[in-house]
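Trainee: As annotated in Swiss-Prot:
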{"type": "COMPBIAS", "residues": "1-16", "note": "compositional bias 'Basic residues'"}
{"type": "REGION", "residues": "1-30", "note": "region 'Disordered'"}
{"type": "REPEAT", "residues": "95-130", "note": "repeat 'Pumilio 1'"}
{"type": "REPEAT", "residues": "131-166", "note": "repeat 'Pumilio 2'"}
{"type": "REPEAT", "residues": "201-237", "note": "repeat 'Pumilio 3'"}
{"type": "REPEAT", "residues": "285-326", "note": "repeat 'Pumilio 4'"}
{"type": "REPEAT", "residues": "334-372", "note": "repeat 'Pumilio 5'"}
{"type": "REPEAT", "residues": "374-410", "note": "repeat 'Pumilio 6'"}
{"type": "REPEAT", "residues": "525-562", "note": "repeat 'Pumilio 7'"}
{"type": "REPEAT", "residues": "567-605", "note": "repeat 'Pumilio 8'"}
{"type": "REGION", "residues": "651-715", "note": "region 'Disordered'"}
{"type": "COMPBIAS", "residues": "657-685", "note": "compositional bias 'Basic and acidic residues'"}
Amino acid sequence: MGKTKSRGRRAEKKNKKNEPGFNEDVSNLDSDVTITNQEPLSSSISSTSGIPNTFFGLVDNNELDYFKQAESTLNINAFETDEERQGFINSVLDEAQGKELKLVTNQICSKLMERLILFANHNQLKKIFKQFQNHFVSLAFHKYASHVLETLLVRSAALIEKELTQTDEEKLEKAEEEEAEENSLNNDVPMEDLFISMLNEFKPHLTTMIDHSYASHVLRLLILILAGKELPSSVTSNSTLRSKKSKIARKMIEIKDNEDFDRAFQTPQSFKNELREYCQTIIAGLDTKSARELSIHKIGSPVLQLLIQVEGLVDRERSFWHLIFAKDSEGKDSVEESFVEYLLSESVGSHFLESIIKNDGARPKYIERLYKLYMKDRVLKLAKRSTTGVYIIQALLFKLKPVEVEYILDQIIPELAELISIAENQNLDLANKLIDASISRGNYRRDEIINQLFIKFAPNYDIENPSDNTSTEFIENILQLTGSTLGNTRDDWPTAEERKRALFLEKLMEYDYKCVICTWFNFMALPIERFVQMCFHGVFCHVVEKALIVEPEEPKPIQILRKRLLNIFQGQIVGLACNSYGSHIVDSLWNFTVLLPMYKDRIASELLGDSHRVKESTYGRLVWKNWGMELFVRKKYDWKALIKQQEQEYYGETEDSTEKRTKKPIELKMERLAEEKRRQEEMAERAQSGYTKRKLEEATGTASEKKQKLRGRRR
């Protein structure tokens, strides 16, 4: 007797087909595809935490090879024209039609889908968007699909703005194009409506998305789009969109953003209502305890920071802020005090507090309340917490009232040398922010800040009477030249730490000219080979360039010191001029040699001496032009006129200027000599004209008559 079939499968399949999570593509998988673990193909599996996990099927080997090759072709981008590339993209999209969901959940094919979305036109974008409908939640929680979804959301925001700003003529032209295209009837729905339908899919899952590794990034992007904020790049190091690992991965797979990233988009009025609903939905699922837990959660904290930043657009009560902190009218609370103390001492918590202080979401009175109740009486103690509390103090310097800022400066400046650690590389940022705060307060206590920094970085340097035996401790302690990439022959890229230190020294030189003088002495104390290496270094060359500045009304001792510094460059000019970094330094020497025409002539002569090498170099030709070397070679008088013009600009002697500077004694003496010479020339000219006149009179016979009259008059 034959084996009887088990009954009820058709009915079971029909019931599954009516379920909302059913995916028809999955049910029609090829028979040669094997599925591990025998999971239900189209079931939406919700775990206890409410995270959906829909299985969309596997990509078979033949499809995988094709899509892998297509991804490689797009990555190389060896197309001769944009039309050729667009044709290739169209063919790949045709091949991928109906398979989008299983492609985005595959590690290799998800990269292909991301590239296709970046290059797709508006109709293709809408088509892909529609394929994801009813599955956006599952994609947001997926490791690979979430990245594809983020790219799709950014491009969708750009398309929404374009549809909003379209003129009637553009709309008519678009309608004609759609009529000419196949399947145009499927793309007549506005992108705004498609986007709102997707937003509705996410609403039941918002609280689950907040602390999920992948969905939280999608949620943050949705909030940014709804609020009309700038959508950050997904590859830059300071991007708020992706995690550090994700940004590194994108650089490795060479997926670059298009012009839709790093900008804000115009949004319709309906988006503000959707943002309000999102905020209300999230806050309904939170209480004070859970909100505070999220604020110190590694994944949930950035989402909460963003919600606090944008809630003011739709909620005047600032519900998220008051869910975490007490109202501004309330006094000190022991539970809140413990929570704030934890924020001030823990890395994630301190980053959360710093972020909500720095962004424009919280009202100033909220921040001022927290500061006065829990931080004001221990500013110095918090500044000593080099990995947590110090960042809160730095943020407060630019958010509090001027009186409170000066109070913080008064507390920290006397102890600044103790707070900075050279060995452990701590609190350079604090010194940076103190300088910025001092500048914003009209250089408040500048001399004390500079003295503290010299105590830390150059304890043996005499600020008032610098001597010739000054060591290199100042630039060594700040730049950490020993152990840096300076002088490496392996083409090592300068590190981020070197860039940070170089910028700090540049800021010091802008802040006070004493730091410039100290840097000059340190340059002269360096071996010439080491100094030249700095000029060729990608980061330290900027330090050399920024040090080549001349102070107005420069005293004579400083001018002599400037001449001594210029002597270091002797014999190195041509090499620097032909280098991408050094050429900028040679350009700066034109202004640095003001009032020193002999040194200008020496540098120009050095360039002329090896003119063939200079002119062969791209950078050398720029230096040749900026130094006016053609005039130096052919019209030396005009070149000297350029120097004279520069000196007049330095002294402020222009035709329109009404103020006259006090002239130096040597200038007054030169003017007297010139005036005396002019008088002597006039007297000589008059004598010569009188002699010529007498000779003429003698020749005509009128001289004796005049002579008699003169004698008669004298009698």
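Each Cβ is built from the backbone N, Cα and C atoms, and glycine gets one as well.
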Trainee: For the repeat 'Pumilio 8' (567-605), DSSP counts of helix, strand and coil?
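Mentor: With helix first, then strand, then coil, the repeat 'Pumilio 8' (567-605) has 27 helix, 0 strand, 12 coil.
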Trainee: Determine the mean pLDDT over the repeat 'Pumilio 7' (525-562), rounding to the nearest whole number.
Mentor: 95
Trainee: Looking only at the repeat 'Pumilio 1' (95-130), what are its DSSP counts of helix, strand and coil residues?
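Mentor: DSSP classes over the repeat 'Pumilio 1' (95-130) add up to 29 helix, 0 strand, 7 coil.
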Trainee: Per DSSP, how many helix, strand and coil residues does the repeat 'Pumilio 4' (285-326) have?
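Mentor: Across the repeat 'Pumilio 4' (285-326), the residues distribute as 28 helix, 0 strand, 14 coil.
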Trainee: Of the listed stretches 95-130, 334-372, 525-562, 567-605, which one has the most C-beta pairs under 8 A with the repeat 'Pumilio 4' (285-326)?
Mentor: 334-372
Trainee: Restricting to the same chain and to residues at least six past its boundaries, which positions have a Cβ under 8 Å from a Cβ of the repeat 'Pumilio 5' (334-372)?
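Mentor: Cβ under 8 Å, 6 or more out: 292, 295-298, 301-302, 304-305, 308-312, 318, 321, 325-326, 328, 382, 385, 387-389, 391-392, 394-396, 398-401, 404.
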Trainee: Which bits of the chain, at least 6 residues beyond where the repeat 'Pumilio 8' (567-605) starts or stops, bring a Cβ under 8 A of a Cβ in it?
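Mentor: Same-chain contacts beyond the ends: 523-524, 528, 531-532, 535-538, 541, 544-545, 548-550, 554, 559, 613-614, 617, 619-620, 622-624, 626-627, 629, 632, 639-640, 643, 646-647, 650.
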Trainee: On the DSSP side of things, how many residues of the repeat 'Pumilio 3' (201-237) fall into helix, strand and coil, could you say?
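Mentor: Secondary-structure breakdown of the repeat 'Pumilio 3' (201-237): 22 helix, 1 strand, 14 coil.
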